[in-house]
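For reference, the structure is listed below as structure tokens.
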Amino acid sequence: MVRASSSKKGGSKGGDKDDAESKQRKRLKTLALDNQLLSDSPAKSHSSLKPSKQVLKHHGTDIIRKSQRKNRFLFSFPGLLAPISAATIGDLDRLSTKNPVLYLNFPQGRMKLFGTILYPKNRYLTLQFSRGGKNVLCDDYFDNMIVFSESWWIGTKEENPEEARLDFPKELAQAENTEFDFQGGAGGAASVKKLASPEIGSQPTETDSPEVDNEDVLSEDGEFLDDKIQVTPPVQLTPPVQVTPVRQSQRNSGKKFNFAETSSEASSGESEGNTSDEDEKPLLEPESSTRSREESQDGNGITASASKLPEELPAKREKLKSKDSKLVQATLSNLFKKAEEKTAGTSKAKSSSKA
């Protein structure tokens, strides 16, 4: 019974601590929402960062993730930090609870940041790109983050051991070192540029696309409405060049070639009839060249060619016969038939001679 009573008392004390932590957590969460560190709805970025050369080089490669034994937390501060040198910026305390505290060290004293552990819907990771462009290594993967939404100035430990809230010194309000740069990472957004230089306006070199509300364009079923989507025609900077179409024909007009293969008998007849003229002519000779040669000749040449016509007619007839004759494939049956015809012809000649 004593143990039961003692456990009840301990449970009541633990419940009071849990209630205090939950109240502190709710207060810090509402404060982060008021300061626009967090948002219930997904944020719409007005300006997106351009991908670097390494990201474009590793486009489409595999992301390799190694197992992690230690829990890693992502910090979200209410402002931008610009450390002068690489060193420890502070100490993290009460990490075992849901409301950790971070102490930032300054030459004038310390700053106390109150935070709470939250589990966002977005996932954050850090990537390490290889030089060859084969793969990408995922160093850290953050499922949870610590949002520091409230900051106190507590001074030094000797002056303020109880860590009561003090006024910020005037020296921290004035920026002494101006060599820091917030153009990389999340500092490249348009909101950071407006805060850094509100008086100087920047002229964008690229034309921004028109903003279209998705709620007006989408129907109740989630489909796009054709009536509300406006498409602007592209602007032609240079006038189009008109090119006249040209028909390119692969045939040679006015030229006729003779590729017919003549038989052995026709070739022998041609060699006997026209040994002087046909041997000198090329195999592939266009008719235009022959016409020009005949026109350039004198009257004597014309009569001579006319006298040679009857001699060339039988040779041309043999050519036509060779063209009209069907090509017969040399097979074994054809060869045997030819051999039988030859033997029959020789036997007839022998019988006639004997008679």
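Cβ atoms are placed via backbone N, Cα and C, with glycine included.
Segment annotation: Swiss-Prot labels region 'Disordered' over residues 181-215 (candidates 41-75, 181-215). For the compositional bias 'Basic and acidic residues' (14-23), the residues of the chain that approach it from at least six positions outside its boundaries are 97-99, judged by C-beta separation under 8 angstroms.
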